[in-house]
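As structure tokens, the structure follows; a few thoughts come after it.
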Amino acid sequence: MKNLILAIESSCDDSSIAIIDKNTLECKFHKKISQELDHSIYGGVVPELAARLHSEALPKILKQCKEHFKNLCAIAVTNEPGLSVSLLSGISMAKTLASALNLPLIPINHLKGHIYSLFLEEKISLDMGILLVSGGHTMVLYLKDDANLELLASTNDDSFGESFDKVAKMMNLGYPGGVIIENLAKNAKLKNISFNIPLKHSKELAYSFSGLKNAVRLEILKHENLSDEIKAEIAYAFENTACDHIMDKLEKIFNLYKFKNFGVVGGASANLHLRSRLQNLCQKYNANLKLAPLKFCSDNALMIARAAVDAYKKKEFVSIEEDILSPKNKNFSRI
């Protein structure tokens, strides 16, 4: 019975393929190969290197799931937003598969995929607020009961996750910075460094992490010897202030929208300090908090496959001749 959808994710530095049953939502296959170690020596993702590693990793993963090919009914792939050369790796493979197996091709927006990480094994819920925090994006969304997405707030410059990477780089801590900063912050003892919360007195529903990042840079310059103890104090102060900033604007949004349900997605949503703060906020406003599983917060093909199930039902297919690659976020107005 042809009821399986194969999905490919390659928007940045994770090569991933997943296969899902469109009827039961059962995951039949999921594999991800991360490039973090390859990029860590450069302090960030190098697009050309990412593309080459995708071209090596994706075929290796594909060989492991060939037994399911006979039951495939569609091929899905992340087509936006992301690094052009990385996206192209996945799209090229998806088009080749769709052509060879004579199957429909489904393009999936990467950010929609993150939203679907909340609903990997269940029907999607509408009428809820969503915080999306990742290395490339920081936004608060309202998923309306008609499936339309309304953008309530976004960042004016750096994203939440990106700011962690940059602060880690300032202190020569390595890449990716999120987990490194989070773990280092736990070692802070004095907690005598503090930073101002960005846009604290602004009524604008927006985020900005560039000023906080600069404040960290200036704090680092104060210390001739940046000891492990001082690094921990800076990491703690930065993480706490970055989360304060997220919560400050969210509180204003909660007062306006009275959410009954609120979801949190994206790679940076794995930060446990942020999760704890969000739980407290939702308890305060009697909202049900829904968190993506830690395993599926970062980029993965299973969330793309899950999004593709609903897209398949709506017959959102494209021709393999169509140019579907877009580094920017184009198709993100509704689920």
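Glycine is treated like the rest: Cβ placed from N, Cα and C.
Taken from Swiss-Prot as is:
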BINDING   H110, H114, D299  Fe cation binding site
BINDING   L132, V133, S134, G135, G136, D165, G178, N271  substrate binding site
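For the pair formed by S134 (substrate binding site) and D299 (Fe cation binding site), distance between Cα atoms is given as 9 Å, rounded to the nearest Å.
Summary for the binding-site residues D165, D299: the Cβ-based neighbour count within 10 Å is maximal at D299.
Taking the mean position of the Cβ atoms of H110, H114, D299 as the Fe cation site, the remaining residues of that chain whose Cβ falls within 8 Å of it are E9, S11, T78, L111, G113, S117, S134, G266, G267, N300, M303, I304. When the C-alpha distances from D165 (substrate binding site) to the binding-site residues H110, H114, D299 are tabulated, the minimum falls on D299.
Here H110 (Fe cation binding site) is positioned 20 angstrom away from G178 (substrate binding site), judged by their C-alpha atoms. Rounded to a whole value, the Cα-Cα separation of L132 (substrate binding site) and H110 (Fe cation binding site) is 12 Å. Considering only the binding-site residues H110, H114, the Cβ with the fewest other Cβ atoms within 10 Å is that of H110. Here V133 (substrate binding site) comes close to S159, F160, G161, I246, V264, V265, G266, G267, A268, S269, L274: these same-chain residues lie at least six apart in sequence, with C-beta atoms under 8 angstroms from its C-beta.
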